[in-house]
Each structure stands twice: as structure tokens, then as C-alpha cells.
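Asker: One structure, as C-alpha cells, below. Some questions next.
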Amino acid sequence: MVVQWTTCLACDLCGFYPGGYKKFDVPAASLQIVENSFIKKLQSSGRKLVVFYGSQTGTGEEFAGRLAKEGARYKMKGMVADPEECHMEELTKLPEIPNSLAVFCMATYGEGDPTDNAMEFFDWLKNEDPNLEGLNFAVFGLGNKTYEHYNKVAIFLDKRLEELGGNRVFELGLGDDDANIEDDFITWKEKFWPAVCEKFNIQSTGEEELTRQFRLVTHQPDEFTPNQIFQGEIARLHSLQVQKPPYDAKNPFLAQIIVNKELHKGGDRSCLHVELDISDSKMRYDAGDHVAIYPINDIDLVNRLGDLTGANLDEIFSLINTDEDSSKKNPFPCPTSYRTALSHYVEITALPRTHVLRELAEYCTNEEDKNKLLLMSTNSQEGKALYQSFIVDACRNIVHILEDLKSCKPTLDHLCELLPRLQPRYYSISSSPKLYPETVHITAVVVEYKTPTGRTNKGVATTWLAQHKPEEGKPFPRVPVYIRKSQFRLPLQTQTPIVMVGPGTGLAPFRGFLQERAHARASGKEVGTTVLYFGCRHRDQDYIYQDELEEYEKNGDVKLNVAFSRDQEKKVYVTHLLEKNMEELWDIIGNRNGHFYICGDAKYMAVDVRNIVLRAIQEVGGKTEEDAIQFLKKLESMKKYSSDVWS
């Protein structure tokens, strides 16, 4: 069964009792001593290639795995390594292994920051001067061009490794997730491998060998008791029943959903206001932080995938890494059922990448279906165009592909290996701990749209949240969460003036900011000018938190600038309002040492707003274009111009 966190009542299956906790029999196999020396692992297994990853959503880890696997074709058997789980100081020893190579697949997160698992590694490189002479390296970056600090982490790493004496084997690769990062990666590695062969004087062993990274073990019904089977836990067995702080990405807190209401007053879209009870968690947050939610995949999609593969979803299985030296023994917690894996661990709504299509082709009995998948997995122009039209433009996930290519019948265990891990969804917290220390508020639009093939695609987390509202007489629904700290912060001094631009759900963190500033004013503190730009489609439909905002305005807590884009013939956006107030904007950031914040769409809105700020610096502040750019960069470095944006 899948433990739906809404109904985790007293039962012998999960071992939870209202009066206390039952003692569990934890399999001895779950207690492992982890060897953190990647040098020892390389030496003991005769390998020369190590691929490190910095990953926030799993893509960097996935790319690293593909490179390590492909290394076998070039007599460079590789291993994947997480910098957080390694002694990265050992990079100084890697040149002692002849013809060794370190590859880094590094994502840039937030405002040019390294991912959580690469933070310590980057601090070490920045603050120390290790001798990396003779280190052979290559870097591929994962970024998004709509963000100001595009691939900043990879660019820094590539330059820093060379400064410390490293030898660049192949040029820096920059992947753009706003376009087609899969295409960028394939194009880069197709030139990377020949450069590796030339450097180390080796030859390819020929055609790509399709080998499984994990082997399937099917368990008999009596092999494990229910208490020994993972049922949705992120890492530790029973962690969702026996809760132990501290709570983080691998040990989330099971929070009660105590409020879940609709914010829109009309129209065909839905926006939820959700309140999570964190009173028993010892978790703390600041206005501007993010909350991560672990969702469950749609049960209809799960059942459909079971039908399409002819699998028994309640069968218990494990996937065991064929590489005994790997620190990653399983792709997700095992043993578990296929139903649990598809519900909690596998990303089934994402658009499959080309290497998945290549593996699926082997399961086709129809030549036309097979050739179609093979073509899309190539780097040819024809293949790229077909992948773009058939997968990307049509928004086809794995279920849709198997429905449309009927002769393709992969085994479900192989799909569980190939598809990426289901990731938590992050939301800007829309409350302040000054007012709500025991609850975290979320403001989220429910994602649902029609695809060109006539299907309806739904967002994983928001769809799940929309279906789980508190009901009188029933236990509160629960969902695993943790708090992720952010650099998106109010000024330390309450008298510092601020400007906030947040159309739509970009308002979320600013609701917390407003609560904080209003609380400070009510406490007798001096509070500086607080300006908010908010926009939506219609005043009478999607003006979220209207009563709250207008009450703040009435009390003198905020100066409101509101745009309703579709309430008149000519559309009006927040950028139009901002353009009209460039004098005030410059006065706050140029004359009064104020802070500027923006939250929302990175691709269009954030870019337009940035350009208006640059214009204000030039036209009102009297600076040249070059000086205006440097002025804005200085504001950013001092955290006086902050963005919390998404693409």
C-alpha cells in the first residue's frame, strides 16, 4: 500500500500508536558504514574517472551518472560522487592515480549560489589554496539564461581549478535549462569524449553498450514484514511515523495542513492559501525563506503506468547497484512496492530525456516505433527537431509515450531505474514568524493545462494539495516538509525604505515582509517607506489577499501600486506602473540607501523590471549606461537588489 499521509492513523502496519511509538525491527542492511574517501574507492576498483555533481533538482546528478556510465566505452570506468559525502581535499591526491580525470556537473542555484550539496566544497575552494597541479578536469554547468547569474558556479569552478594548477581536458560546457539543457549536454559530451581519448591516448570500444546500472531483486511475500518495507520515507525507514529532529531534505517533518482555502474569487484558475502547522518540529524560519513540500504522484497516472507495463503494483522489489563500490546502493529507498515507488520516488510527469528514449527503443516490437525513439535519442538535426515536436512541444510524459507508441512495453523495474527521482517542490513562504511562529503559509497557483494532444497535464504538488483540505471531524491531512534558508531578506534596520515587485504569486514573500514591517510599526519602531507593486488579471477574480493589502495601505504600512492587466482594453502590467515612478524608485535606491526586491517570473517580468531600474539609474540618477550597470551590480553584491524568481 501507499501511505497517504492524510490517513496515517493507529494501525499495526505503520507501527504508530496514539499513546506512543512501537519498537520497529529495522533490517541490519539499512545500517551502513559509508566510506568517504573517493581516492580509496578509485584505487580499490581500478578506476580513473570520478564525476562529481552539484544538484538541487536531480538533473546534475543524472548527467553525472550518464557520464560515469559512458566512461566504460572509452576504457575510463567511472564512479559518481556527491561532494557533500566526500573528503574533497583528496582532489590534491587524484593526480597520483595515472591518467585520472575529475569531471564536475555543477548547477547554479538562487542568486548565483552553489547547490546545497556543493556549498562546503565551494567554500573550501574560495577560502583555501590547495595545490591541484596535475589534476585533469572538465566542467559542465547547469544554469538558466533567464537568471542574472547564468552558470556562475560552473564558470567560477572552471576558472578556479585552473588557477590552482589543474589541467583543463575539455572546454567548459554551459547548459541552458530555459532552452534545451539536454541538447546542450549531448552536444558538449559528444566533443568531450574525443578530447578525453586524445588526452589519454585511448580509443573508443565502439558502439554504446546498454547496460543496467541496477539489478532487480523481486521479493517473496513472506521475505519482509510490513515494518521492513519503505512506504514513502525519504531516507530512514519509519521516519514519517517516528519523527526525530532535526528536519532537513533527508528527514522532512510531517506537517499538518490546518488551513487550505481558495484565494481566487472567480475565473478558471485556482490559487491556494495553505497553512502548515510546524509547532512540534523545532523548525524556525524567517520571512523570505522557502518551504519544501514532498508531493505524491497522481494515483490515476500511477495505475495507468502499471497497466501499460503489465506490472503488479503491489509486488515488493529492490533495485541493487551493480557497482559494489558506489555509495548509492539503490536509486531510492528499497525494498518497496512498485506502487510506492511510482507514487513517492519516481518523477513520472517530467518530459523524458533522450537517453531514456534510447533505452525504451529496445522494448519496441514495431520497427516504426523503435526508429522514432532511436532518432529522437540522436544528436542529429532531424532527431532534435523530432524530440522538440513529439516530446517538448506536445508535453508528453512517460505515460503518454507508452500510450502513443503501443508496441513499446518496457519492464516497470527498468522504468523505475531510468526515470529521475521525484523532487520536493519549493515555495516562497508567505508569512512572518513574528506573527505566525508555529505555522508556515504557502501561496500557490494550481497547475493544470491542456496539451496539444488533447490531454490534461497537472502539477504534482499543487494538484495533491488541492485534493487535501481539512474536513471537520477528520484528522488533519499531513505532508512532509522542511525549511530551506534563503538570502531573500528584509534590511536589518526597519527604517530602511524598500520597494517590492511581486505580480501574481510573486506576492508571497512580500506578504511576510509586510506582516513583519507592520508588526515593527505596531511595536513602536520607526519603519521606512514600504512600496509594493502587485499585478493580476482582474480585480474581482485574482486579486489575492486584497483585504489584507488594503488594510495595510489604510494603516500606512504600505504604498500600493496595483495593475489589473485585463480590466481594460489596453493591458497594464506592474512594469508600466514602475516606469511612471522612476523618480521615486531612484530616490529610494539612489538617495536613501533603500532595498529593491523582485519575485516572480524570471524570463520576462524580472528582465523587464531590471531594465526599468537601469533606466531609472541613468535617466533620473544621471549615470552613464556603464556606470548604471556597475551601480546595480554593487547593489546586488550588497544584497540591496534581491531576486526570488523562477522560470
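Backbone N, Cα and C define each Cβ position, glycine as well.
TrEMBL does not curate its annotations; it predicts them automatically.
Residues or ranges marked as FMN binding site by TrEMBL: 55-60, 107-110, 142-151, D177. Residues or ranges marked as NADP(+) binding site in TrEMBL: R269, T505, S565, R566, K571, V572, Y573, V574, T575, D608. Under the heading FAD binding site, TrEMBL lists R425, Y426, Y427, S428, T443, A444, V445, Y449, G459, V460, A461, T462, W646. What TrEMBL records for 49-193 is domain 'Flavodoxin-like'. The domain 'FAD-binding FR-type' annotation in TrEMBL covers 250-491.
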Asker: Express in Å, rounded to the nearest integer, the largest CA to CA distance found among the FAD-binding residues R425, Y426, Y427, S428, T443, A444, V445, Y449, G459, V460, A461, T462, W646 named in the record.
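Answerer: The two farthest binding residues have Cα atoms 23 Å apart.
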Asker: Based on Cα distances to T443 (FAD binding site), point out the closest of the binding-site residues S55, A107, G110, Y150, T575.
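Answerer: So, of the listed binding-site residues, the one sitting closest to T443 (FAD binding site) is G110.
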Asker: Give me the Cα-Cα distance between Y150 (FMN binding site) and W646 (FAD binding site), rounded to a whole Å.
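Answerer: Y150 (FMN binding site) to W646 (FAD binding site), Cα-Cα distance: 13 Å.
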Asker: Can you tell me which of the binding-site residues G58, G110, S565, K571, T575 is spatially closest to A461 (FAD binding site)? Compare CA atoms only.
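Answerer: Given the candidates G58, G110, S565, K571, T575, the nearest one is G58.
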Asker: Quick one: among the binding-site residues R269, R425, K571, which has the most Cβ atoms sitting within 10 Å of its own Cβ?
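Answerer: Going through R269, R425, K571 one by one, the largest Cβ count within 10 Å is at R425.
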Asker: For Y147 (FMN binding site), identify the closest of the binding-site residues G459, S565, Y573, W646, judging by Cα separation.
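Answerer: Of the binding-site residues G459, S565, Y573, W646, W646 has its Cα closest to that of Y147 (FMN binding site).
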Asker: Of Y427, V445, G459, W646, which binding-site residues are close to R269 (NADP(+) binding site), meaning a Cα within 10 Å of its Cα?
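Answerer: So far as Cα distances go, the binding-site residues lying within 10 Å of R269 (NADP(+) binding site) are V445.
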Asker: Cα distance, G58 (FMN binding site) to K571 (NADP(+) binding site), nearest Å?
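Answerer: Per the Cα atoms, K571 (NADP(+) binding site) and G58 (FMN binding site) stand 38 Å apart.
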Asker: How many Å separate the two farthest-apart Cα atoms among the NADP(+)-binding residues R269, T505, S565, R566, K571, V572, Y573, V574, T575, D608?
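Answerer: Taking every pair among R269, T505, S565, R566, K571, V572, Y573, V574, T575, D608, the longest Cα gap is 25 Å.
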Asker: What is the total of other Cβ atoms whose distance to the Cβ of W646 (FAD binding site) is within 10 Å?
Answerer: 16
